[in-house]
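Participant: Structure below; questions to follow.
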Amino acid sequence: HFPFTIMTESVINLCGLHHQTSVVKSARSCLSPIRMPGSLPAVCEAAWPKDVGIIAMEVYFPSQYVEQAELEEFDGVGAGKYTVGLGQARMGFCSDREDIGSLCLTVVQRLMERSGLSYESVGRLEVGTETIIDKSKSTKTVLMQLFEESGNTDVEGVDTTNACYGGTAALFNAVNWVESSSWDGRYALVVAGDIAVYATGSARPTGGAGAVAMLVGPNAPLAFERGLRGTHMQHAYDFYKPDMVSEYPVVDGKLSIQCYLSALDRCYSVYRNKIHAQWQREGLDKRCSLEDFGFMVFHSPYCKLVQKSLARLMLNDFLCHHSPGTQSGPFSGLEAFRDVKIEDTYFDRDVEKAFMKASSEAFESKTKASLLISNQNGNMYTPSVYGCLASVLAQHTPQQLAGQRIGVFSYGSGFAATLYSIKVTQDATPGSALDKLVSSLCDLQARLDSRKKVSPDVFAQNMKLREETHHLANYIPQGSVEELFPGTWYLTRVDEKHRRQYARRSMNDDRPLEAGLITSCITAEHIPSPLKKMPRIPAATAGPEGLVISNGDH
């Protein structure tokens, strides 16, 4: 399907040149076998995909939840410990009918159906998860069942794991693939999914479950800003899962908070240095601060930590400012903290309180909306920060989002973290890519409200059942299929060799759809392969009159 010839006139448009001879000469220089893609001359930059980022998103969360206020009473803790102290209202959870395979099957098929995509148009699929049910076989290979009818097996990518950071690593890999010489013109699909469960105790209310699927390609309404990633990686045992027969982690709560906040400090510093250097090259003499972000979203173990994290960014701005005005403006009344050392402030209540108060308006405008899913469903681990991104999109109009820079902080224990930015397209017209993306997420609140509330006792029984059975062979799950949302994939059995079988609850709510008998139940506008709009870098010369390039016609 791919090869065809673009004549010299098209190459003129592609490279932005005006003379045929210079086009051919420049094109040949781009194709030198000793040239790496990263060293391409500026004349060929236009040939690479532009505005690579997120084109479509889908979010899945379980159909049942427990109220955190009721859980406080059930656990015998003080009123407000979970709801005020953690900032959590509800927590979604899975019965033994759902596992990481079913979560990812559900969210991928929903994305493909709602977007009207063909499975042939996907050339890379990668899963970020820390919910490991097999030490060898990847969840990505389970998802390949969805591709069987299409016959498409040419799909790169496997699983990526590092606590809650795996989804971000998978997303970076997808963006890098589309921007690389390996790209074949098709979309990349990224899935972040997890089931976050804890043993009985203080950490249990910080659980949750869910999955987010993201379609990645060029000309995206949410484009990754190239070169603007601040990363920090370090060794620590703040949260880890050494017991291979248990779903539960080992958690050092205080160390985990310190690692999270220190990573945020480091990543923000690296990011600011990179964007400052970029601005200098553009002739701009300014320093990056919170004011440069329209929205700021964070990995959310619990909502209160996110509010503290935004305050921490203001603390960083304050300490890095050469002459912060403390008489008026955002730093008013903060002069007492001018000489604090940032590494001494992780658990300084005075600093925390002062900067949470100072950043309250910024929190309301830039971050609060991102906590919809986190507050109502809990910590989803790898999808957490992308659930926050989806929450922002779901609660704003395309016009409110257009042109904004969205800061994204992703953290995974152990630990790995990155702060990066997404630029929202300026095109907010009806029918635009941004309009379609926002419209596809506008039902988030309604979906959250449609879930079934269960008692803390039923929740505890489900946790006990998972604890006792999640690793068993020759097992048939006991949970109710009827309680699942229509269109949800679920586990039907685990055979004597630990092989898992799945079925899908009908979208019409009358019969299950067995794996392999997959039918699209939603009619949507077809999204063509991105190469119909974006040619690749030329792969070889086809003589002086034209160039052969790879293109997609799916």
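From the backbone N, Cα and C atoms, a Cβ is placed for every residue, glycine too.
Unlike curated records, TrEMBL annotations are generated automatically.
Quick caveat, the model's predicted, so the values are computed rather than measured.
Not my notes, these are from TrEMBL:
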ACT_SITE  Glu130  active site, proton donor/acceptor
ACT_SITE  Cys164  active site, acyl-thioester intermediate
ACT_SITE  His299  active site, proton donor/acceptor
BINDING   Ser256, Lys304, Lys308  CoA binding site
DOMAIN    48-221  domain 'Hydroxymethylglutaryl-coenzyme A synthase N-terminal'
DOMAIN    223-505  domain 'Hydroxymethylglutaryl-coenzyme A synthase C-terminal'
Participant: Including all protein chains displayed, how many Cβ atoms other than that of His299 (active site, proton donor/acceptor) lie within 10 Å of its Cβ?
Facilitator: 32
Participant: Determine the most Cβ-crowded residue among the recorded positions Glu130, Ser256, Lys308, using a 10 Å radius around each Cβ and all protein chains in the structure.
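Facilitator: Compared across Glu130, Ser256, Lys308, the most Cβ atoms within 10 Å surround Glu130.
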Participant: Rounded to an integer, what is the Cα-Cα distance in Å between the residue listed as 'active site, acyl-thioester intermediate' and His299 (active site, proton donor/acceptor)?
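Facilitator: Per the Cα atoms, the residue listed as 'active site, acyl-thioester intermediate' and His299 (active site, proton donor/acceptor) stand 8 Å apart.
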Participant: Please give the average pLDDT for the domain 'Hydroxymethylglutaryl-coenzyme A synthase C-terminal' (223-505) in this predicted model.
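Facilitator: Mean model confidence (pLDDT) across the domain 'Hydroxymethylglutaryl-coenzyme A synthase C-terminal' (223-505) is 95.
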Participant: When you average the Cβ positions of Ser256, Lys304, Lys308 for the CoA site, which other residues in that chain have a Cβ within 8 Å of that mean position?
Facilitator: Ile257, Tyr260, Leu261, Pro301, Tyr302, Leu305, Val306, Ser309
Participant: Per residue, counting other C-beta atoms within 10 angstroms of the C-beta, which of the recorded positions Cys164, Lys304 reaches the highest number?
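Facilitator: Answer returned by the neighbour count: Cys164.
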Participant: Fill in the CA-CA distance, Glu130 (active site, proton donor/acceptor) to Lys304 (CoA binding site), as an integer in Å.
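Facilitator: For Glu130 (active site, proton donor/acceptor) versus Lys304 (CoA binding site), the Cα atoms are 23 Å apart.
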Participant: In Å, rounded, how far does the Cα of Lys308 (CoA binding site) sit from the Cα of His299 (active site, proton donor/acceptor)?
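Facilitator: Distance between the two Cα atoms comes out at 12 Å.
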Participant: Based on the record's binding annotation for CoA (Ser256, Lys304, Lys308), what whole-number value in Å is the widest Cα to Cα distance?
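Facilitator: Result: 14 Å between the two most distant Cα atoms.
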